[in-house]
Amino acid sequence: MAEPFLIGQDMTGGYGGADILHSCTIAVEKGEIAVIVGPNGAGKSTAMKAVFGMLNLRGGHVKLDGEDITRLSPQARVRKGMGFVPQTHNIFTSMTVEENLEMGAFIRTDDCADTLAQVYDLFPILKQKRLQAAGELSGGQRQQVAVGRALMTQPKVLMLDEPTAGVSPIVMDELFDRIIEVARTGISILMVEQNARQALEIADKGYVLVQGANRFTDTGKALMADPEVRRSFLGG
Amino acid sequence: MDFLNALVAFLNFVFIPGLAYGSQLALGALGVTLIYGILRFSNFAHGDTMAFGTMVTILVTWAMQSVGIGFGPLPTALLALPFGIAATAVFLLLTDRVVYRFYRQKKAAPTILVIVSLGVMFVMNGVVRLIIGVDDQDFADGERFIITAGEFKTATGLAEGLALKTTQGVTVITAVITVAALFWFLQKTRTGKSMRAYSDNEDLALLSGINPDRVVQVTWILAAALATIAGVLYGLDKSFKPFVYFQLLLPIFAAAIVGGLGSPLGAIAGGFVIAFSEVMVTYAWKKVATYLLPESMAPEGLVQLMSTDYKFAVSFAILIIVLLFMPTGLFKGKSV
Amino acid sequence: MNTRNLILFAGVAGLFVLTGFGWSWNLALSILNMALLSSIMAMGVNMQWGYAGLFNTGVMGFTALGGLAVVVTSARPVAEGWAAGGWTILFSLFLGAATIATAIFLYNRMPKGRPRALTVAAVLLVGLFVFRHFFDPAVAAVEAFNPATYGNIGGLGLPALVAWPVGGLLAAAAAWAIGKTALGLRSDYLAIATLGIAEIIIAVMKNEDWLARGVKNIIDLPRPWPVPYEVALQQNETFLGMAASWGFNPVTGSTITVKLLYAGLFTAVLVLVILLSELALKSPWGRMMRAIRDNEVSAAAMGKDVTRRHLQIFILGSAVIGIAGAMMTSMDGQLTPGTYNPLRYTFLIWVMVIVGGSGNNWGSLLGGMLIGWLWLIVEDLGPGLMGLITSGMADGWLKSHLIDSAQHMRLLTLGVVLLLVLRFSPRGLIPEK
């Protein structure tokens, strides 16, 4: 079996103190959506941050497209083609929508007008509000700006930390639709989600983490069908 | 009632001086607010940075004068200004490399950085006094007036004269150009935008691949330019004295805080609020009132709210009022 | 007290002894007295910064208020000045205070909105005019009386020692007013606010001639018990006898005796301050203070009234600075508002605290003595030293400029010392335990 496009394998580590992750493995294939779910404090966000290089691993490694990137800084990983949308503080509130997107493309030296047009196509509302300060937008629109900003580097993998936290169910559905659209363009998606049921519905691959370790790993559909997963993590 | 003469007196004694002083404060406050926005500490050495930049400019001005270079009716110091800015920028970049960078990498608390800036303040203070001494230096040359009071009176036939000093005109025009250039830089250029992004959300800026070292360097260069320009304009308008520049720290910080620390627009507004309040509260309104009121009601006293010696008290009082009632300033600044 | 600290203190003591033997004991004692006073001020700052993390850059203001207290308490009353308008001035000051109190009362009581803003503004404006109506003529009357010598209302004529605690009280009262308005602010805002207040205090003292003659200065303030005047000593039979039998010059001897007595008084106060603050620091109150400094949020969550504690320590620290300021003016025998400079009276004290080790009284003492010595020795010996260095140079503009500017070297030196300590020994010479 060929190695997945992005894989964090047997990751062990934490933020300096006790380990939070215990030999945890997360992977995503090209153009697919992988979702990390689990109870509070299971280390979901930590696992994602580990893949992105925001904490030092004591064990395990991270590989992108076959290349070992375990020692790279988050900034270097952005250059390698990884996009990251933090859970909070993920936009420049005092800058306009368009400036937010431009800042997303900061590392690019080529013309980013095409990518900008693509992002506007994906999120038409952003085009409408492109000269407005991002901080004045609604919660869902802010998330679109945040995702759009990360897309501006034309990443091969997009990582989203709870993109639907704090938005209404309708907005959540719309965001998920957009995320599926992004995946269809060939970008791999790795996301952490609190709304496990809806997220697993769109996931090609699901990871259920408990206490920093893999508990269940399967396709989204299979996990949804697994009675034990349903009972323990999806509320019946 | 003599409305025209009252207006001219007002323009001559309140509006024009306030406008010039406000421009100088605004430029100073812009430097303070930029450093606060990007480097996240209150730089107590800013007054002395102004003194340093002005000192270099004065020295270059003297050198130019001695070889006969002049700027026609305008002060020669304007020609020397770029040299002052360059020297100050080098000095600040060096200071950052030797002093501030260490604390930035350690992520030291803002208060520690303020104390560090006190150390830098002492050093700069010493350097300036060592080189140019503590005395007053008058380095304005060229035409003294654009319009003198006498010319104005003969031209208009009014009893009240309006004098416009060259330095006042130069101050306002230079300030407008500087502010326009700064805003163009911050709003339109890639580097300027990256600075705003860094100031807005440091972590996300790093994620976006913005190089923090470059942002910091550009900030120091801008701070050097703003401080030097503000210092030279103030020195041309009044005179250069190292200790006075140190004391300018207070109205400058008052302006930056009143406007909202971290907000460039606020710094400008704050500069004018402080300047006009200082001038208006300490101006003796007798003349204006005498023109406006009927003779029977003409005031006997000076109609001065406070003696000019208390101008610090004015900027300070406004500072306190703003901090108590709107802690983030007129334009929403940061409250880290 | 461990060996390292003892060596440090012995080293500083050695500097003073060296100054005594190398130059003159007179100079050594002058420096010692100023260093002792600076150390007390440093302890005041240390209480605020080291114990509570309050960033007070208004040290100069509290020092000056202490000096003012000496004039108010121990200067000879000027009866004619009082008669001319002293009581009216007091009355108008009372009116001013009442106006501000009314405005604050109304502000707190009235519902938020336009009527409140207008009423408060109206009260303040009317109050200002009424105040000026009584104040201005009274001040003019007082200042008109013999302006070359007086032009003020003078003091109460009490003994100079009484003025020291009064200096503390005056500084404490000012600190209360400042603390009430500014202590809720962020640390660097507090710094700016206190810096401004200090400038205002100096401005008031420079310009309100009726109070302490402003920049015309007050001289001949009485000496504190038991310090005699040199002239009196030189005519004292016992003293002359001692001079003859021990073989010292009565003139030099008298100045040294006076300075030694001051040094004794200052040391007594210093010991008292250290003793009390060490006791306070070890008490539950001191532990709570440090808990608040180290983690304000959790201390507040545990039900500690952080702002109130901050106000307490701010007042205490400022009072200590005020006492030191009063002692300094007593020693100088004159109040000269024009000489107060924030570099010397605020930031230098800060350098002492940081270099000595913030959070530690012994550190402040060491820092005060060391930096005080350094500051004053350069003032006295800098030009000579620079003369020595430049002796090989041809006479001319550069040489005289260098000799003139030698005293500015100390600003530079101190800045470098502060930066070096912050970088390589951020907890100071004697770190907090």
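Including glycine, each Cβ sits where the backbone N, Cα and C put it.
Annotated in TrEMBL:
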| type | residues | note |
| --- | --- | --- |
| TRANSMEM | C:6-28 | transmembrane segment |
| TRANSMEM | C:49-72 | transmembrane segment |
| TRANSMEM | C:84-106 | transmembrane segment |
| TRANSMEM | C:118-135 | transmembrane segment |
| TRANSMEM | C:155-177 | transmembrane segment |
| TRANSMEM | C:260-281 | transmembrane segment |
| TRANSMEM | C:311-331 | transmembrane segment |
| TRANSMEM | C:343-363 | transmembrane segment |
| TRANSMEM | C:370-389 | transmembrane segment |
| TRANSMEM | C:409-425 | transmembrane segment |
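When each of the listed stretches C:118-135, C:155-177, C:370-389 is scored by C-beta pairs under 8 angstroms to the transmembrane segment (C:49-72), C:155-177 comes out highest. Between the transmembrane segment (C:370-389) and the listed ranges C:118-135, C:155-177, C:409-425, the one holding the most Cβ pairs under 8 Å is C:409-425. Listed by sequence, the residues of this chain that lie at least six past the ends of the transmembrane segment (C:118-135) yet keep a Cβ under 8 A from its Cβ atoms are 88-89, 91-93, 95-96, 98-100, 102-103, 106-107, 110. Beyond the transmembrane segment (C:155-177), the same-chain residues lying 6 or more positions past its ends with a Cβ under 8 Å from any Cβ of the stretch are 61-62, 65-77, 197, 201, 221-225, 269, 311, 314-323, 325-327, 329-330.
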